[in-house]
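A.B. asks: Pulled these from Swiss-Prot:
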- Cys23, Cys26, Cys79, Cys82: Zn(2+) binding site (BINDING)
- 19-116: domain 'Yippee' (DOMAIN)
Amino acid sequence: MVKMTRSKTFQAYLPSCHRTYSCIHCRAHLANHDELISKSFQGSQGRAYLFNSVVNVGCGPAEERVLLTGLHAVADIYCENCKTTLGWKYEHAFESSQKYKEGKYIIELAHMIKDNGWD
């Protein structure tokens, strides 16, 4: 008999002295403001931000999608804590002008809030 155990996910916490973005649903930290690349993106549910790196985020399988800027291979990303879909990760850009997005993350504003040090 094989005993199945569920692996525990350890949550990353960003330094409290930095401005951060958190999941609006469970308040898990998602990104440091210093990792923000652009506020000029569109997600499937409205405005979105492009980040260089994120934490506490899982990644689904990549698939090809035609987005506003052309064909990309993207993978949906979700909060590791509450499993809410947050946006996507750019795995591959087919047009040379879009290559800068590869390996970067889109998080929709509808799923995140500002945390720590925004006063």
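Keep in mind that glycine also has a Cβ here, set from the backbone N, Cα and C atoms.
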A.B. asks: To test your reading of the Zn(2+) site: which residues beyond Cys23, Cys26, Cys79, Cys82, same chain only, put their Cβ within 8 Å of the Cβ centroid of those residues?
C.D. replies: Ile24, His25, Arg27, Ala28, Asn56, Glu80, Asn81, Lys83, Thr84
A.B. asks: Including all protein chains shown, what's the count of other C-beta atoms within 10 A of the C-beta of Cys26 (Zn(2+) binding site)?
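C.D. replies: For Cys26 (Zn(2+) binding site), the 10 Å Cβ neighbour count is 14.
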A.B. asks: Can you name the residues of this chain that are 6 or more positions from Cys79 (Zn(2+) binding site) yet have a C-beta less than 8 Å from its C-beta?
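C.D. replies: The list for Cys79 (Zn(2+) binding site) reads Cys23, His25, Cys26, Ala28, Leu30, Asn56, Val57, Gly58, Leu86, His111, given in order along the sequence.
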A.B. asks: Within 10 Å of its Cβ, which one of these binding-site residues (Cys23, Cys82) has the largest number of other Cβ atoms?
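C.D. replies: Of the binding-site residues Cys23, Cys82, the highest Cβ count within 10 Å belongs to Cys23.
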A.B. asks: For the domain 'Yippee' (19-116), what are the DSSP-based totals of helix, strand and coil residues?
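C.D. replies: Residue counts for the domain 'Yippee' (19-116) by secondary structure: 12 helix, 60 strand, 26 coil.
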A.B. asks: Note the mean pLDDT of the domain 'Yippee' (19-116), expressed as a whole number.
C.D. replies: 95
